[in-house]
Amino acid sequence: MAETKEFKTLYNLFIDSYLQKLAQHSIPTNVTCAIHIGEVIGQFKNCALRITNKCMSNSRLSFTLMVESFIEVISLLPEKDRRAIAEEIGIDLDDVPSVVSKLEKNCNAYAEVNNIIDIQKLNIGECSAPPGQHMLLQIVNTGSAEANCGLQTIVKSLNKIYVPPIIENRLPYYDPWFLVGVAIILVIFTVAICSIRRNLALKYRYGTFLYV
């Protein structure tokens, strides 16, 4: 897989932004994880999975930073598309990131109903790359069942949208004219990864992979 070209989606940009925010925040993220991701399931094709622990003592903050990263990344899309994705996920773009979103309310209810104590299972949907390419899917465990639930929802939506090489990993450096060009390119190149489906189920189980 190392010899193939990496296939980027909006989720890659989102997770880069999210990790940056977690790293820059003053609250330490090296606390003992209250929640571990015990299993990741989905349909995988040419997809590498990485689990990263960035556990925080403030679960509300981790969710807020996640919403901030999501809003930043989908700002690259035309307004109609970004509002459709935000509505699908359960985030109101007219609210500030610190407002409790529909997504967060749903995830709070999910964690309570499923009585998640220390091990959590995630279903990330599809992770597929074309022949000769691979996708790196990075899952960030913040130690919060609610935030992990939010991440699960976001990955299912953003991992369907292809990102041309011209914009990959450059989210913090856009100027206004570059953003206009990016929006046009995304409209042209956006593809649904589900069109290259392959029904191949793969499971990650806690304790069998090395955390990084």
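Placed from the backbone N, Cα and C atoms, the Cβ positions cover glycine too.
The disulfide bond recorded by Swiss-Prot for CYS127 joins it to CYS47 [selected from CYS47, CYS55]. Disulfide connectivity taken from Swiss-Prot links CYS149 to one of CYS107, CYS194, namely CYS107. Rounded to the nearest whole angstrom, the C-alpha distance between CYS33 (disulfide bond) and CYS107 (disulfide bond) is 18. Along the topological domain 'Intravirion' (197-212), the predicted structure has mean pLDDT 42. Ranked by how many other Cβ atoms sit within 10 Å of their Cβ, the disulfide-bonded residues CYS33, CYS107, CYS127, CYS149 place CYS33 at the bottom. Secondary structure from DSSP puts CYS107 (disulfide bond) in a helix.
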